[in-house]
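Peer 1: There's a structure below that I have some questions on.
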Amino acid sequence: MSTVKCVGILTSGGDAPGMNAAIRAVTRSAIYNGMRVKGIYRGYKGLILDEIEEFKTQNVSNIIQRGGTILKTARCVEFKTPEGRKQAYDKLQEHGIDALIAIGGDGTLTGARIFAQEFNFPIVGLPGTIDNDLYGTDTTIGYDTALNTIMECVDKIRDTATSHDRLFFVEVMGRDAGFLALNGAIASGAEAAIIPEISLEKDQLAEMIENGFRKSKNSSIVLVAESEVTGGAMGVAERVKKEYPQFDVRVSILGHLQRGGSPTAQDRILATRMGVAAIDALLDDQRNVMMGIQNDQIVYVPFSKAIKNDKPINRDLLNTLRVSSI
Ligand code: F6P
């Protein structure tokens, strides 16, 4: 039987659509199971600064459809120091919080892992990031919404690309991962994607140009994953201007609009399932695990696995994109 009586919840790092649905599910499931809930604002930063409020079920009413996070978020440098983490621990003690649910990406879970080990404190993580770069889960909260946003943007860019017979490089987020670029390209019918995972294996730009773009059209759209290894859309476009001056090139960087918007049904359902499962995990005496989803089943992924391993792309998708864009 779990000894957890009061659970703290926070969102940290880059926000992701669906975080509110997760906050709602965690809060309601904790209350349903007889626990108290404390909402911690601005992630680890707000924990250190004591921005903590008791949450009742009505604190999370009418938020499932909202993007962003009602708990706000921050990237916290202090939590990377032992002194900062000690301050955070003291605040948890002061507020009687005996377990923490941390919603965020790689940085959030890395912090959670160190903290949990240092203070032997129970933490359960939820993968909240548009990047989909956490190992051990098929998808992350926010990824589907961001993919849909990318698809809608590319649909619009295509109109002008076609009118002007232009080659467009559209940069998408993902930090060092190419999931948004690769699946975004498939969903939007783009000609190609340039992703970090295979940047060291081959010159993706040269290969694309040598193979020739789609024969039936004079315009082309290529999705480029932001990252030092790909050079980003600007880097790729500069190269084209120098090495292949016959193309009329334009760049569009989608940026933070990919992080906003109302979450899709898929993200709301995923966040709700994971939020309820996180409380079940605590009741089950699980500690220091991230909730994952594999083949539609919720699984527990140890923090060490979720953050330490590079999540591989599905290489079949490279072929899917190649074949579908001839
Ligand atoms: O991790 C989510 C993410 O949106 C990445 O895709 C991107 O590289 C980064 O956050 C941007 O961070 P910030 O909002 O701090 O500029």
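Every residue number used here counts from 1 along the chain in the order it is shown.
Placed from the backbone N, Cα and C atoms, the Cβ positions cover glycine too.
Remember, TrEMBL labels are computer predictions, not curated facts.
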Peer 1: Given that TrEMBL lists THR129, ILE130, ASP131, ARG166, MET173, GLY174, ARG175, GLU226, HIS256, LEU257, GLN258, ARG259 as binding substrate, which residue among ARG158, ARG250 does it place in the same site?
Peer 2: ARG250
Peer 1: Among GLY8, GLY14, GLY178, GLY184, find me the residue TrEMBL lists at the same ATP site as ARG75, CYS76, GLY105, ASP106, GLY107, THR108.
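Peer 2: ATP site check in TrEMBL: besides ARG75, CYS76, GLY105, ASP106, GLY107, THR108, the record includes GLY14 out of GLY8, GLY14, GLY178, GLY184.
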Peer 1: Work out the three-state DSSP category of ARG250 (substrate binding site).
Peer 2: strand
Peer 1: Out of GLY14, GLY105, GLY107, GLY189, which has the highest number of nearby Cβ atoms, where nearby means within 10 Å of its Cβ, if these are the binding-site residues?
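Peer 2: Result of the Cβ crowding comparison: GLY105.
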Peer 1: Going by DSSP, give the three-state secondary structure for ARG175 (substrate binding site).
Peer 2: coil
Peer 1: Counting Cβ atoms within 10 Å across all protein chains shown, which of the recorded positions ASP106, ASP131, GLU191 comes out on top?
Peer 2: ASP131
